[in-house]
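Undergrad: I have a structure I would like to understand better, so I am pasting it below and will then ask my questions one at a time.
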Ligand code: CP
């Protein structure tokens, strides 16, 4: 694996190996006062974010630092992008400055693929490109950390019925999760109003439902999505109130889920919109476990791309 641009870059075996690797990193750090492994000493990891982020950017930075990499954060607003420099020139500049890995978030779907085609593979001295969210397309490390959380909470993902609920249309998390969870053997159902489903969802390995209440008793897990008003150009249908009443995860709906079912949300959460505060803070929700797993999963991805590749290459 040279880059991680999409869940399509993974086989079932390589996805499971990443989940196992993340748990090995968790175990390696358990009980240590100092969170420092020598794994990536001498490597340079750069995060390049053209959209805001808390969880993804911070967890990649922590992951890199815990593995002793030199980590450099580039934000579009404080870089020469604000002077009009192109995406290609920015990427090639960071390659020339010595990046071994470029972690990219960009509002355009396909941006990470495009950068990888410009900077070349590691065999040509190019950096490993990791897609940290491209427009409404994919967010593969989010799906991997969600799968890790589900595996820890449910024991196994194979055969579990998992609903992805809400604004599927604008969600890169939904697509990556639908692809990864079905690759791992789950039965995935998208639950959303017709107006918030992408046209192409019929080609995803999922079923589609519009009634959240009808689905609840048969689910092992619910993955709630943030309503992405910033991608809606001012239009929102159904109204926010209707949406919250029909698709919000209230305490009443939580009670309709089986006892063992777990609630995930990738964050940031809009409390009172797609998820009630009491649900988000309940032991049934794994929101902070997802964040912790995000660090271990990103350690695993960086390790696989920067060290694993070298081992394979001999
Ligand atoms: N889940 C997620 O991508 O969160 P951030 O936007 O804070 O990185």
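Cβ coordinates are placed from backbone N, Cα and C, and glycine is handled just like the others.
A TrEMBL annotation is a machine prediction, not a hand-curated record.
Copied straight from TrEMBL:
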DOMAIN    2-152  domain 'Aspartate/ornithine carbamoyltransferase carbamoyl-P binding'
BINDING   55, 56, 105, 139, 142, 267, 268  carbamoyl phosphate binding site
BINDING   83, 172, 226  L-aspartate binding site
DOMAIN    158-303  domain 'Aspartate/ornithine carbamoyltransferase Asp/Orn-binding'
Undergrad: By a simple count, how many Cβ atoms lie within 10 Å of the Cβ of residue 172 (L-aspartate binding site), its own Cβ left out?
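TA: The answer is 23.
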Undergrad: Out of the binding-site residues I have (55, 83, 105, 172, 226), which ones have their Cβ sitting under 6 Å from ligand 1?
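TA: From 55, 83, 105, 172, 226, counting a Cβ under 6 Å from ligand 1 as near, the near ones are 55.
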Undergrad: I want to verify one value. Collapsing DSSP to three states, which class is residue 267 (carbamoyl phosphate binding site)?
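TA: DSSP assigns residue 267 (carbamoyl phosphate binding site) to coil.
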Undergrad: Quick one, of the binding-site residues 267, 268, which Cβ has the fewest other Cβ within 10 Å?
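TA: Output over binding-site residues 267, 268: least Cβ neighbours within 10 Å is 268.
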Undergrad: Measuring CA to CA, name the entry from the binding-site residues 83, 172, 226 that ends up nearest residue 105 (carbamoyl phosphate binding site).
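TA: Nearest in space to residue 105 (carbamoyl phosphate binding site), counting only the binding-site residues, is 172.
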Undergrad: Could you tell me the maximum Cα-Cα distance in Å between the residues recorded as binding L-aspartate, namely 83, 172, 226, rounded to a whole number?
TA: 32
Undergrad: Check the Cα-Cα distances from residue 142 (carbamoyl phosphate binding site) to the binding-site residues 83, 172, 226 and tell me which is shortest.
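TA: That would be 172, nearest by Cα distance.
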Undergrad: Given the binding-site residues 83, 172, 226, which lie within 10 A of residue 139 (carbamoyl phosphate binding site) by CA-CA distance?
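TA: Passing the 10 Å Cα cut: 172.
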Undergrad: Can you count the other CB atoms that lie within 10 A of the CB of residue 55 (carbamoyl phosphate binding site)?
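TA: Counting Cβ neighbours of residue 55 (carbamoyl phosphate binding site) within 10 Å gives 16.
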Undergrad: Could you find out if DSSP has residue 55 (carbamoyl phosphate binding site) as helix, strand or coil?
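TA: The residue in question, residue 55 (carbamoyl phosphate binding site), is helix (DSSP, three-state).
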Undergrad: Quick check for you: of the binding-site residues 55, 56, 267, 268, which have their Cα within 10 Å of the Cα of residue 226 (L-aspartate binding site)?
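TA: Cα filter at 10 Å returns 267, 268.
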Undergrad: Between all pairs in 55, 56, 105, 139, 142, 267, 268 (listed as carbamoyl phosphate binders), what's the biggest Cα distance, rounded to the nearest Å?
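TA: Taking every pair among 55, 56, 105, 139, 142, 267, 268, the longest Cα gap is 16 Å.
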Undergrad: For residue 56 (carbamoyl phosphate binding site), write down the residues of its own chain that are at least 6 apart in sequence and whose Cβ falls under 8 Å from its Cβ; none is a fine answer.
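TA: In sequence order, the residues whose Cβ lies under 8 Å from that of residue 56 (carbamoyl phosphate binding site) (at least 6 apart) are 105, 132, 133, 139, 141, 142, 294.
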Undergrad: Compute the C-alpha separation of residue 172 (L-aspartate binding site) from residue 267 (carbamoyl phosphate binding site), stating it in Å without decimals.
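TA: Computed Cα spacing between residue 172 (L-aspartate binding site) and residue 267 (carbamoyl phosphate binding site) is 13 Å.
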